[in-house]
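First the structure, in the form of structure tokens, and then the observations on it.
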Amino acid sequence: MRTLWIMAVLLLGVDGSLVQLWKMIFQETGKEAAKNYGLYGCNCGVGRRGKPKDATDSCCYVHKCCYKKVTGCDPKMDSYSYSWKNKAIVCGEKNPPCLKQVCECDKAVAICLRENLGTYNKKYTIYPKPFCKKADTC
């Protein structure tokens, strides 16, 4: 499993907000993001897109749509500030508008993944991209 995690880090990169996103997901779900969601379903992970397989995968689909609305920065590379207070994610007030949007997108997916932990299905953990059907546009 450690090898899978290392491969996911190398494939996905760890700059900017990806590290923050992974931390948020861990804080909300208790799951390591790269290992559990890096290639989950048709939408979780970089470069994946398709009709969601379940509610967990739908969280990632909505997250990708949220990122598409962000302008003025790179959601995957630019860092923002946030804190974990009383078991809640709080996006930093001093973030520029673009990074505030990115933080809110990441916060929403982390909460969505926590709320849908019951739908997490190990059979979708490393789901083959060719099995994904075309998704509706955001």
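Backbone N, Cα and C define each Cβ position, glycine as well.
Look at Swiss-Prot and you will find H63 (among others) tagged as active site, backed by similarity to another entry. Other Cβ atoms within 10 Å of the Cβ of H63 (active site) number 21 in total over all chains.
Sequence annotations record features per position, and here Swiss-Prot assigns active site to D106 (among others). Taking all protein chains in view, 26 other C-beta atoms sit within 10 angstroms of the C-beta of D106 (active site).
Here Swiss-Prot flags G45, G47 as Ca(2+) binding site. Under the DSSP three-state reduction, G45 (Ca(2+) binding site) is assigned to coil, being neither helix nor strand.
Around C132 (disulfide bond), the C-beta neighbours below 8 angstroms that are at least 6 residues distant in the chain are G41, C42, R48, R49, G50, K51. The disulfide bond annotation in Swiss-Prot covers C42-C132 (among others) and is backed by similarity to another entry.
Under the heading disulfide bond, Swiss-Prot lists C44-C60 (among others). Within the same chain, residues at least six positions away from C44 (disulfide bond) with a Cβ under 8 Å of its Cβ are Y37, G38, T56, D57, C59, C60.
The feature disulfide bond is assigned by Swiss-Prot to C59-C112 (among others), with similarity to another entry given as support.
What Swiss-Prot records for C65-C138 (among others) is disulfide bond. Of all Cβ atoms in the shown protein chains, 15 besides its own fall within 10 Å of the Cβ of C65 (disulfide bond). For the recorded site, C65 (disulfide bond), the DSSP three-state label reads helix.
DSSP assigns C105 (disulfide bond) to a helical segment in the three-state reduction. Counting every protein chain shown, the Cβ of C105 (disulfide bond) has 23 other Cβ atoms within 10 Å. Annotated disulfide bond per Swiss-Prot: C66-C105 (among others), in sequence order, evidence recorded as similarity to another entry.
In sequence order, V70, T71, G72, C73, D78 constitute the residues six or more apart from C98 (disulfide bond) in its chain with CB-CB distances below 8 Å. Here Swiss-Prot flags C73-C98 (among others) as disulfide bond.
Annotated disulfide bond per Swiss-Prot: C91-C103 (among others), in sequence order, evidence recorded as similarity to another entry. C91 (disulfide bond): 20 other CB atoms within 10 A of its CB, across all protein chains.
Residues or ranges marked as signal peptide by Swiss-Prot: 1-16.
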Residue, out of the disulfide-bonded residues C60, C66, C73, whose Cβ gathers the largest set of other Cβ atoms within 10 Å: C60
Of G45, G47, C91, C105, D106, i.e. the recorded positions, those within 10 Å of C65 (disulfide bond) when Cα atoms are compared: C105
C-beta crowding around C59 (disulfide bond), within 10 angstroms: 26
C103 (disulfide bond): tally of other CB atoms within 10 A of its CB: 24
